[in-house]
Amino acid sequence: SLLRKNVDSLTEEEILTLQSVMRELQNDSSEHGFQSIASFHGSPPLCPSPEANKKVACCVHGMASFPQWHRIFTKQMEAALMGHGAKVGMPYWDWTTSFTKLPRFIPYDDEQLNPFVRITDLEDHFTTRDPQPELFKDPEGGDESFFFRQVLIALEQRDYCDFEVQFEVIHNSIHYWIGGHQKYGMSTLEYTAYDPLFFIHHSNVDRLWAIWQELQKYRGLPYDESDCGVELMREPLQPFAQTSATNPNNVTRAHSTPKSLFNYRQLAGYTYDTLTLNGMTISQLESSLLRLQKEEDRVFAGFLLRGIGSSADVTFDLCDKDEHCDFAGTFAVLGGPLEMPWSFDRLFKMDVTKVFKQMRLRPDDSEYHFELEVTARAGTDLSPELLKPGSVSFLPGRKIQNTPDVR
């Protein structure tokens, strides 16, 4: 079984080997090479088939099979690295811990020597990064990492479908805040997978799903099934299920149904060096989540998201009856003109308890509203009408089931 390690735990020998192997893979112009595999995600579009008159990107977003599609995609690239001599699995970048710069394994200022920095895609452009300030400085000014807090809300969910929505939208912000306004980078659905950082990011995304699965086992709850997108779970993922001319990997082609990809250890042949989160074991993490649920009443803003044909950064303010507005939160949408149509069937939720307290508002008041600002990847403003107005839900602490007052 292949071991996936934290990028910060790689030895110098492992780093040099991975860089050498990645360089070879990027120079491989066959169907086994980096660019051929990267095209599975976005451009050039391969779905429903390479021969179709009208094609879309094959990547799955806004659907219950998002985790499975990206699990098998990351495995596809990992297997290609192994084919060129890699001895460790796809390393992961644990972005749930606070950071002020990208890991030394994936810098963005060493463009000539490190093949994990950038490559040339099929349109003869280099991938580029435009890290946004929010990536390194918590936009909400919280005590912990922005990403850590959002991940806790995802891990708190006890139903796969609720978890998936939270989990997916969190991952979008890493894409957007690294790629920024660059066309050929992490913030565009079409070109994101041409940046090698994509796979380092998604190795961690997959690890977080594995942590949730272990939490579910600890809770005695289902960890390998979905009660939403039931038909999707039976449909082979594309383009992995296409012919060997598109996908020469016999393993991913044979195991391309989402329902077969819940058990990554058995089917994908890799493990993680640790399934802890910020040093917490599964049992400690569950205890922490239960404490979070019991400590105080919470207020959540909910958004029913759908594809808008573009990647976008969304910020929203909470405004009172006098139009006094305070920043309430931010999230991102990952998309583009080649995306499959999608819409979530449930709300993405963000904890807005803090801003309700600051503004001395109650969630059962009627005289408040959210104002959204939606900025497209290119930096242009989009109409807030593209997204449905946010709703509010109140979740009482488990110890005291009192009236919804968060003052």
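Cβ coordinates come from backbone N, Cα and C, glycine included.
Cross-referencing His181, His202 with the Cu cation B binding residues that Swiss-Prot gives (His171, His175) picks out His202. Cys325 is paired in Swiss-Prot with Cys319, the candidate among Cys228, Cys319 named as its disulfide partner. Annotated Cu cation B site His171, His175, His202; additional same-chain residues within 8 Å of its Cβ mean position, judged by their own Cβ, are His70, Asn172, Ile174, Thr192, Phe198, His201, Val205, Leu334.
Counting only residues at least six positions away in the same chain, the Cβ atoms of Asp317, Leu318, Cys319, Glu371 sit under 8 Å from the Cβ of Cys325 (disulfide bond). Distance noted between the C-alpha atoms of His175 (Cu cation B binding site) and His41 (Cu cation A binding site) is 14 Å. If you take the C-beta of Asn250 (N-linked glycosylation site) and look for same-chain residues 6 or more apart in sequence within under 8 angstroms, you find Ser244. Taking the Cα atom of each, Cys58 (disulfide bond) and His70 (Cu cation A binding site) are about 11 angstrom apart. Closest to His171 (Cu cation B binding site) by Cα-Cα distance, out of the recorded positions Asn27, His41, Cys47, is His41.
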